[in-house]
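The annotation transmembrane segment is assigned in TrEMBL to 20-42, 95-113, 119-143, 155-175, 367-391, 398-417, 423-447.
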Amino acid sequence: MVLDSYYYVMGATERLNINLWPIGYSYFIRLIGVLSHSDLLFTTIQYEIFQLSFLYLIFTIANLIELPKWAFVTLIIFSFNPIIPYTCNLIMADGLFYSVSIVWFTILVKIIIRPNQYLIILNGIFIGVALSLRYHALYYPILGAFAFLLSQYRFIYKALGVVFQLAIVLLFVFFTQNQVKQITGQSQFSPFGGWKIANNTLYVYENIYRTDQRIIPNKYRELDSIVRRYYNSAHRKQTLFTNDPMPGGFYVFMSYSPLVIYKNSVFHSESNVDDVKSFMRVGGLYGDYGKYLLKGSPVAYLKFFIIPNVIRYFSPPAELYITLSTFFLRRDNISNYTKKWFHFKTLEVNVEAIQFRSNLFSFFPSIVFKLHVIFLLMLSVFIFIGGLKLINIEQRKFIALGIITWIIDFGFNILASEVVLRYLLFTITIEVIFVLQFASIIIKWTAKKIIHKK
């Protein structure tokens, strides 16, 4: 259990249609709650959904793309890597989002290689489901459009596929905006996005605020004075490399951050639901404030946020996988929802299990770094040997889809939020699949070269 978990369960218990995070996971909790409120059953279902989705992916690839047996076996082994059960053991949207993303990517593979009409519907549905779980899926329609472009559909079906997925996204956006407007009076898609923009900006602003000569508009002046007061006080300077309980999210989650202080000074919350509403009501202001500060500081934004975030991408903090808070129930009011829903009294985990997990995931940032490097090296070798000339049209489309997916996912991760390990689960999977694909092509090319020399 982590902070997000309690709000997801609260959303399920209160039957909310809007929450701090996308509401889809709270709906999922409610759905499983129809069967049982057992935490063991819940996490087991999450894990089984992943296994089924991953099997669907690798069998589809094996069926449609030339995949050596050793690569197929490697993917089977990869499906049992320890990050999967640990992710699925959390009451968090990441595990389910990962599974839905895998199924969606499999649908794209089918669209470009063996298209049929029902895939048009499934693509739109799974984009909608993914978006209801995490806003990271906002770029999925771009990849969907790319897949339709590569496909052999007639033009009318390509257009229908693109329009249908956009319609699903717009329906979800309009629904969310309407729900937020009922609470805040403002038409916002993601109040949390406003918090994130302000959060990202404040990592930059501390480095330039003393020399920033701009006159702050009246609507931001009170907030800006609290921010500057915090910067001028004795405090630990925050960077994207600061080792704290919320790496990269300090200004959103820590009670003594200026954003939280301002929210609490403007709104007094009597309940956890009220606190969610207060959080949303300042989201628009925070987003506008962050954008205003960044407009005049593009170089600083690049230096203090983008470049550090690229470094985090290649060596992502393990974050929730090594924190102790996941093993303990909170003692504030919001934990009551979780205690009631899952019939918790306490969480009991032996010290050895906690230590084992911490030791295990301490290696993962370096493992991910090596995987990123291997992927880029294999891609470079593939390009160098003229790999596209060595494969059939289906494999070319498949590789094109993989490369575009990686590029867009990289850009979105770097620009949208502070990268942590759990955000890269889908990326890691894509890299493993295409490292194996590149390796099989390079091995064949090398073997032919050796035979030719003989």
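Sequential numbering from 1, following the chain as shown.
Placement of Cβ uses the backbone N, Cα and C atoms for every residue, glycine included.
Caution: TrEMBL annotation is automatic and unverified by curators.
Between the transmembrane segment (367-391) and the transmembrane segment (423-447), three or more CB pairs separated by 6 or more residues in sequence fall under 8 Å, so the two stretches touch. Touching of the transmembrane segment (398-417) and the transmembrane segment (423-447) is concluded from the presence of at least three CB pairs under 8 A, sequence neighbours closer than 6 excluded. Contact counts against the transmembrane segment (119-143), taken as Cβ pairs under 8 Å, peak for 155-175 among the stretches 20-42, 95-113, 155-175, 423-447. Within the chain, the transmembrane segment (95-113) has long-range Cβ neighbours (under 8 A, six or more residues past its boundaries) at 25, 28, 46-47, 49-50, 52-54, 56-57, 60-61, 64-65, 84, 87-88, 119, 122-123, 126-127, 129-130, 133-134, 136-137, 140, 143-144, 147-148, 150-151, 153, 161, 394, 397-398, 401, 405, 425-426, 429-430.
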